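Per TrEMBL, the features are as follows:
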BINDING   B:Glu127, B:Asp155, B:Asp171  S-adenosyl-L-methionine binding site
There are 4 protein chains.
Amino acid sequence: MPIHYGDRIYIYIDDGRDYILTVQEGKQFSTHRGNIMHDEIAGKNYGENVLTTKGNKVYLLPVGIIENIYHMRRCSQIVYPKDLGFILLMLDIREGNRVIDVGLGSGSMSAAMARLVGNTGMVYAYERREDMISLATQNLIVWKLIDRVTIQQRDIEVGFDEKEIDAIFLDVPQPWDYLKQCWDALAGGGRLGIVSPTAGQVMEVLRSLNKLPFIIIEVWENMFRQYKPDPYTFRPYDRMVAHTTYMIFARKVNDI
Amino acid sequence: MPIHYGDRIYIYIDDGRDYILTVQEGKQFSTHRGNIMHDEIAGKNYGENVLTTKGNKVYLLPVGIIENIYHMRRCSQIVYPKDLGFILLMLDIREGNRVIDVGLGSGSMSAAMARLVGNTGMVYAYERREDMISLATQNLIVWKLIDRVTIQQRDIEVGFDEKEIDAIFLDVPQPWDYLKQCWDALAGGGRLGIVSPTAGQVMEVLRSLNKLPFIIIEVWENMFRQYKPDPYTFRPYDRMVAHTTYMIFARKVNDI
Amino acid sequence: MPIHYGDRIYIYIDDGRDYILTVQEGKQFSTHRGNIMHDEIAGKNYGENVLTTKGNKVYLLPVGIIENIYHMRRCSQIVYPKDLGFILLMLDIREGNRVIDVGLGSGSMSAAMARLVGNTGMVYAYERREDMISLATQNLIVWKLIDRVTIQQRDIEVGFDEKEIDAIFLDVPQPWDYLKQCWDALAGGGRLGIVSPTAGQVMEVLRSLNKLPFIIIEVWENMFRQYKPDPYTFRPYDRMVAHTTYMIFARKVNDI
Amino acid sequence: MPIHYGDRIYIYIDDGRDYILTVQEGKQFSTHRGNIMHDEIAGKNYGENVLTTKGNKVYLLPVGIIENIYHMRRCSQIVYPKDLGFILLMLDIREGNRVIDVGLGSGSMSAAMARLVGNTGMVYAYERREDMISLATQNLIVWKLIDRVTIQQRDIEVGFDEKEIDAIFLDVPQPWDYLKQCWDALAGGGRLGIVSPTAGQVMEVLRSLNKLPFIIIEVWENMFRQYKPDPYTFRPYDRMVAHTTYMIFARKVNDI
């Protein structure tokens, strides 16, 4: 597939450095491995490569969601890919779903949800901070997903505008304060997902969940370990991420 | 949302047992916690409950992909939710994608992919065994995803019919035998995902990947740990799944 | 080394079953793999084998501490080998040390400590329950370590008799109630080790530790994963122990 | 216990920096937190503190084995405490044992073994490289354990001088080349422990172990995760050691 001016592409230099850039006529992109001429990229196909001015190979690749997350402008902690895939699956987000994302942050969770709900669904994103809304909006525009995300600036203590919501993702410092609001917005059988980094927060969430009609309450954590991709010294890398967050899931029922 | 005759629903009994059933007029569903009358379910809303003949509460819930996977008829090892969410994310599967799934098995990976590619994409599933194709077809019909999956019975040694494929998922005993075929079918920059349970298999895959123009080769494993959802004795459960599979990812380039 | 009547030995049958037995003249030991004649064992050397009456090989091996722990009579949760080795190292227990073990339980931690303190050290074990003291005493006699363990039946709320203790191991349901008593008994720079299975307990311990002159407070957990010892299908076993306990360590100082 | 000139002590500064020093008359120890006057330390008791010239508290503590390992002069990869405790337990090393350590490296495993075998046992350490022997010897002298370690400079391909050895620890790049030599040196039922960092090495070891009369072959790895010791934000630290080594254990029998 040929690359045109205006395309956002993912470039991977053979020393392991990677970037996202938008191909523009006459531009240069400088790296410590040499400069990359945009005009050499335009017209090439994905999978092909160009050379930097210092002779390093630059592979031209389509951008995916993980590349977008790692390279986006951000002003908040992101949900890591290791957690994101599992959360999307546990929340069972799919075409046509109407889902809520609190707080919006830099927009990556809303973006991941927006990909899944398709043109017939909608992501309702809530965020208190104006600067984050501004940043997330820019990101969602770049990712061409802004049409599927309805953003509201609000302290969710007053509740959500929507009802009969399929799934809610809650990433706020004190989620226990908003569980009744979530219950109100969810459809019967709807799914709630919460992330909290500390054990004390999870315990507080559980105490509050137990007072409301939620069932199938589950708490998970995961550890992802990456291996050296070398057949002759195949072993895990020396260090890894030990912890990002605990993940709590529950389903709304009418009464218990 | 009201439940009608003919709907497939997920039921959760208050002792933790769960089932999927299709609501049918006049039918009973027997469990060791008492019988459930289908006629009492019809007309109820999701989130509500009915009682078994022994007085146990039965919650009526929408079916999601994870419930489908754990309750499907199967004749092969499944890809676990802990791995599935990450694989779908790493393969960046989304609306309009054309992707390949080998081997089809009981159909759960093809189903997960089919949800993601939408009406404008297609999953091409390959499987050697006729009995598996038959079972997977039944599952995909029940899940209403069969229209998005093109199934072929074939030993993929001869290669795939498709070209310019966005992503391939390979779950076969000797994946190293089919990497050239995968390379041929993938678009430039396309993504390959492979699962192999043993270290020796991974090493063999890596040896073969290194001979072909694939870059950004990564090997991952994960460990998911579930906690007792009790605020007063919050701790991990005593035992957990230690290992399901190693996951290998790579991206096709034209040459290295 | 030849085996004599009266020796306690570890026997391993070739199907993976294992036992500890004391060789006695004229006796038989019955297993579902056939009977073992004690008289055939006497005079054999460690490393040799005898056959059961059904023809299964029985390997004759010296007993070690791990075999003793897994085969002892017990009436309480044990400290697992995966935790035990690390705790002994972190508490730096060695020849000549005077150490405290609370609660004694079935005696395995006191035994492990007693091996390390040698003839010139002493383990002071405290336990409230008489039945446990009785059981632990029997175990320590069998293991020939009773001379190095001074057992007291006491609620440790009143404190310990000893002063200038090198290390204390605390395995009780509410360790936070006894930290001052531990501080009193420890020598300057002495080491404290505490095990608690739940996150809430650890948090409570930390709150209490912070009010006393303890430094270098560390909290650890570990996950041990065992692999199939087969070179051709080398991979972790499917399931593993997910959690036994959190381990808390601290060192006493005079003031902070 | 009072500290004298000539004592090796462990000092912990209240910002988390730690050192081992030998108290000497008239000396100063400089840190970026200020200087420490040795003369102020002498006469103090363990558990007390002195101030640096900049006013930072310096706690005076006894040195333990873990502090020795982390602060020793080294010229090779160490066996980490997370592995060390488990290995010593699995090898069941105790008073009076005669054990072999290959390769000696910087001496920490021999030191750990020497503490356990007591005055009546002996550690036979083998090492090819003269510079390592020299360094390890210095370390063992400082730790006052040199009398319990018999060091030989040798390529162990020619075998060991000792027979009827209780346990052997093998930490060499190609352990599969020396398994027959280990079998020869071990007593019947004796224990063998091997560390290898890569999966391929473990597979090679297993292939070789299977050709010799070894039973109860086990392969382990572990992951230790440390938590923030703060009751209000109790959670694992962000990052951790992912992998140090696989650990292989086996017991010698006469024949299989």
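Heads up, residue numbers simply count up from 1 along the chain you see.
Cβ coordinates come from backbone N, Cα and C, glycine included.
A TrEMBL annotation is a machine prediction, not a hand-curated record.
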Does DSSP give B:Glu127 (S-adenosyl-L-methionine binding site) helix, strand or coil?
strand
Cβ contacts within 10 Å for B:Glu127 (S-adenosyl-L-methionine binding site), all chains included, total 26
Can you tell me how spread out the S-adenosyl-L-methionine site is, meaning the largest CA to CA distance among B:Glu127, B:Asp155, B:Asp171, in Å?
13
The answer, for which of the binding-site residues B:Asp155, B:Asp171 has its Cβ ringed by the most other Cβ atoms inside 10 Å, is B:Asp171
Starting from the Cβ centroid of B:Glu127, B:Asp155, B:Asp171, which together make up the recorded S-adenosyl-L-methionine site, report each further residue of the same chain whose Cβ lies within 8 Å of that point, ordered by sequence.
B:Val102, B:Gly103, B:Leu104, B:Gly105, B:Tyr126, B:Arg128, B:Arg129, B:Arg154, B:Ile156, B:Val172
In the three-state scheme derived from DSSP, which category covers B:Asp155 (S-adenosyl-L-methionine binding site)?
coil
